[in-house]
Amino acid sequence: MVAYRFLTLISLGLGSHCASALQYGYNQVSTHKDSAVVAGAFPAINGTHLQSPAFTSPGTVPRGFSDGTSGPTRDETMEGFMRRLARSNSWMTYHKADFKSEEGRKFPYMYLSASKSSIEKPSSHKLRVWLQGGVHGNEPAGDQSMLALLGDLAANQKWAAKLLEKMDILVLPRYNPDGVFYFQRYLATNFDPNRDHIKLARQQTRDIKELFARFSPHIATDMHEFTAGRAFGPKKDIIYAADALFSSAKNLNIDEGIRQLSEKLFAKRMGKDIEAAGLRWDPYIIQGESSSSKLLLREAGTDAKIGRNAMGLSQCVVFLCETRGIGIADQHFERRTLSGLVMVKSILQTAVDNFDEVYNTIERGIRRFTNSRNDIVLTDRSPIMERTFGMLNTTDATLFDYPIDFATTTPAQAVLTRSRPRAYLIPPSWPDIVKRLEVFGVKADKLPHSYVGPVEALNVTSVTFDKEYYEGVVTTTVETKLVERNIRLPAGSYLVKTNQKNAALAFVALEPENIDSFASFGVIPVSTGDQYPIFRVE
């Protein structure tokens with residue numbers, strides 16, 4: 001108890017975002033199920049038949065699911081389900097990753113293909129699709145919707161065959177098995193798995209990202225849930241009405257054609273498909289702080305530390321798909337899982353129905369990005385507009401459109417840009433930086449000889465510490481001035497060329513002004529007056 005109080009005092013002193021202290025394991029949120037009035041606005045959808053373990057084998061659901069202390073599907077139940085499907089369907093292959101979680105749990109995944117392709121040898125002229133769930137362990141409709149998709153494909157062979165004519169699919173249903181075991185958001189070490197995509201603090205993050213980079217998908221989805229009971233308004237009597245919130249990748253260093261494809265084709269179709277299923281949706285948002293009396297909601301941001309943008313920076317179409325479920329235990333679970341299933345099926349069907357447009361747009365976007373000499377974007381802003389957002393009154397379950405200020409990232413507006421270097425030079429004393437880049441799928445050439453010549457260097461003019469302690473570091477905001485100089489670096493230095501598909505991940509990591517850069521997270525520590533030890537080659 002003394003230790004717990006000590007941690008609580010630390011968290012309260014470090015900032016408002018540290019709402020409570022964490023312990024080892026079982027960091028579970030409070031359960032507040034919907035009242036009967038609110039629950040009436042989220043009825044079961046007639047004709048729903050979900051082909052996943054929680055619904056086909058209800059006897060396997062742990063008791064703790066009903067009170068919010070457990071998810072519905074244990075690891076062994078999930079693995080047995082996946083193995084049975086693979087045995088019965090030649091186009092489904094069950095795999096276990098060659099790495100394990102922080103507590104030694106396995107990562108089973110399914111590879112779906114109508115040909116003899118594999119991750120290492122993909123089919124030619126087919127879309128590669130990566131689907132993941134269970135990133136946060138207390139969001140069970142995320143991985144359950146992935147299992148429901150597998151069951152649906154097995155039950156609808158013609159539909160599966162139609163999809164697999166045009167794509168190969170990798171399904172990783174449970175990204176965070178330790179978090180699922182403890183029914184907590186975090187990894188076993190209490191790092192947030194969805195905030196570790198650039199700093200790469202945990203080996204588990206690196207292992208999964210290396211698998212992702214090897215597969216090199218054209219399309220990816222990340223299945224989550226959002227807090228059901230978050231209340232707004234002067235009386236705290238209105239909540240989000242949506243069953244589903246979704247967002248594409250927003251970072252401005254993603255090819256514009258790929259971002260436009262996400263918004264104008266996939267997002268529009270997804271909204272229509274959600275409504276056709278009798279469900280409600282809105283764009284994914286978080287609450288912001290506003291100086292006015294009007295509620296400010298911020299659309300999903302551009303920060304690369306989040307999986308949606310980190311995956312998108314490999315120049316692919318990515319969607320974060322969220323369903324209404326955190327904090328309500330097993331309530332409405334069928335409707336929640338259906339919401340996730342509808343979204344992922346919409347993405348797959350849209351890709352197949354528009355295969356030529358989707359495949360060619362993404363491939364052209366990759367080539368355009370790889371060969372581009374356009375400036376890169378280091379910081380951006382979200383312009384604020386007025387709009388309405390679907391809300392539900394908790395006193396009488398009235399559905400209505402609520403006026404809000406909306407900080408939009410469709411698109412964000414660039415603030416600080418810089419010329420795109422042809423390469424970065426990294427001294428041999430920083431092999432850990434190179435290793436991180438290689439995890440991203442960025443190639444680095446080790447120079448057999450010394451490098452002597454002109455470079456662009458960055459002199460640090462300002463380092464401002466943020467007010468909060470975040471996952472072991474106090475992050476910084478760094479400002480620099482670009483200068484030209486001649487440099488001599490020894491043999492064994494690294495040259496990272498930027499005419500490669502995943503170079504945008506190098507941009508956000510290596511340019512110190514970026515909010516998620518290695519400098520910001522102290523991976524490359526700098527102080528005012530220093531010269532940043534990574535150099536740009538023009």
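Cβ atoms are placed via backbone N, Cα and C, with glycine included.
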Same Zn(2+) site per Swiss-Prot - residue from HIS197, HIS218, HIS224 joining HIS136, GLU139: HIS224
Field: Env. residues of Zn(2+) site, Cβ within 8 Å of mean position of HIS136, GLU139, HIS224 Cβ
entry: GLY134, VAL135, GLY137, ASN138, GLY142, ARG185, ASN194, MET223, GLU225, GLU322, ILE326
- prompt: So how many of the residues in the region 'Disordered' (53-76) end up helix, strand or coil by DSSP?
  reply: 14 helix, 0 strand, 10 coil
- prompt: Taking ASN46, ASN393, ASN459 as the glycosylation sites to compare, which has the smallest set of other Cβ atoms within 10 Å?
  reply: ASN46
Message: Neighbour count, 10 Å Cβ-Cβ cut-off, for GLU139 (Zn(2+) binding site): what number do you get?
response: 28
- request: State the mean pLDDT for the domain 'Peptidase M14' (71-351).
  value: 98
